[in-house]
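Input: a single structure, listed below in structure tokens.
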Amino acid sequence: MGCLGALLFLLGGLGALARICEITEVDSTLVERLGQHLLPWMDRLSPEQLNPSIYVGLRLSSLQAGAKEAHYLHSLKLSYQQSLLSNDNSDSEAKPSMGQLALYLLALRANCEFVGGRKGDRLVSQLKRFLEDEKGAIDTLAMAGLAFSCLKLSNLNPNQRNRITVALGRVQEKILKAQTPEGHFGNVYSTPLALQLLMASLRPTVELGTACLKAKAALLASLQHKAFQNPLMISQLLPILNQKSYVDLISPDCEAPRVLLEPATETPSQTQVPGFIHVTLKVSSISPSYRHSVSVPVSSSLEDVLKKAQEHSRFRYGTQASLSGPYLTSVMGKKAGEREFWQLLRAPDTPLLQGIADYRPRDGEAIELRLVGW
């Protein structure tokens, strides 16, 4: 079994194996700075920008946004309820995705609203169908698994218990198989949700404990490199940094004291001469192919590069808003098909893990936009 296996076996015997997936001793100042990233998003209430994950992440942290939280939840209900509970024959494009569906259910739980009975059965059925019909990314699968865990442990829908148990086992198996050699589940940004699910596992094993140890080390290393800037990713990370998961919403303490977040104060920086970087933008999935060098200020996002290219060349692109930020839908007039997407790569063939709004190219980099199938 080996030394690590023996240690994990003993921990399991002591009932502590599940806790090995928890991250402890995180700097509270770091947690507060991450929380401050979410405050501006509490004022963005358009359907495209409303994000249940922000509400849930704050409720599971030691932080709060004051009166903004109640207003934000009210806006979520107005936006989600009609499409969520519409009949199955309605326009499928108007329905929330599996991840959004799970998030909305968890947001209601975070506010001590309990979804059971006929309405709960409908939600479970939709989640189960999505899990069967979609391959699902690791973060999407973990989100559905967390919703299933909450429903199973709270016993709100006993007639669905067997279906939920089977679905949970499938989700955990897929997540463990997706662990990279570095330790991430899928990638660094899907790891927090995966860890939340594994923390709540009712079947802790040596395999799970070993996987969690590797994942925690990889995630802590990424925090040191300030990898988390996107508000959606931060909201999924905050519970982990407070030793909680969405499953804690089974018995939420809605009166627990939380520290009121204050907006981050920007300290005036020293006078600096603004610098510029040069980024080469390539598109080979069209004819004729496109290649152009763009000059943008230091710390510009890839989205800034695309905007600059559109201003000064024949380059054109289209985006669509999503919970994790804008994503490309068309480049040079060519739209992604039903089973296609525009992949972002750092030349020659390194896929980017961040979206166009979050990735910051370096001077001299070449970025390729490539239409690929899945």
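Just so you know, glycine gets a Cβ as well, placed from its N, Cα and C.
For 1-18, the entry in TrEMBL reads signal peptide. Taken from TrEMBL, the feature disulfide bond covers CYS21-CYS212. The annotation cyanocob(III)alamin binding site is assigned in TrEMBL to ASP139, ASN187, GLN236, TYR327, LEU328, TRP342, GLN343, LEU344, LEU352, TRP374.
Annotated features, which come from TrEMBL, shown on the structure.
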residue: CYS21; record: disulfide bond; Cβ neighbours (10 Å): 25
residue: ASP139; record: cyanocob(III)alamin binding site; Cβ neighbours (10 Å): 22
residue: CYS212; record: disulfide bond; Cβ neighbours (10 Å): 28
residue: GLN236; record: cyanocob(III)alamin binding site; Cβ neighbours (10 Å): 29
residue: LEU328; record: cyanocob(III)alamin binding site; Cβ neighbours (10 Å): 22
residue: GLN343; record: cyanocob(III)alamin binding site; Cβ neighbours (10 Å): 16
residue: LEU352; record: cyanocob(III)alamin binding site; Cβ neighbours (10 Å): 16
Max CA-CA distance, Å, over listed cyanocob(III)alamin-binding residues ASP139, ASN187, GLN236, TYR327, LEU328, TRP342, GLN343, LEU344, LEU352, TRP374: 26
Integer Cα-Cα distance in angstrom, CYS212 (disulfide bond) to GLN236 (cyanocob(III)alamin binding site): 17
ASP139 (cyanocob(III)alamin binding site) to CYS21 (disulfide bond) - Cα separation in whole Å: 17
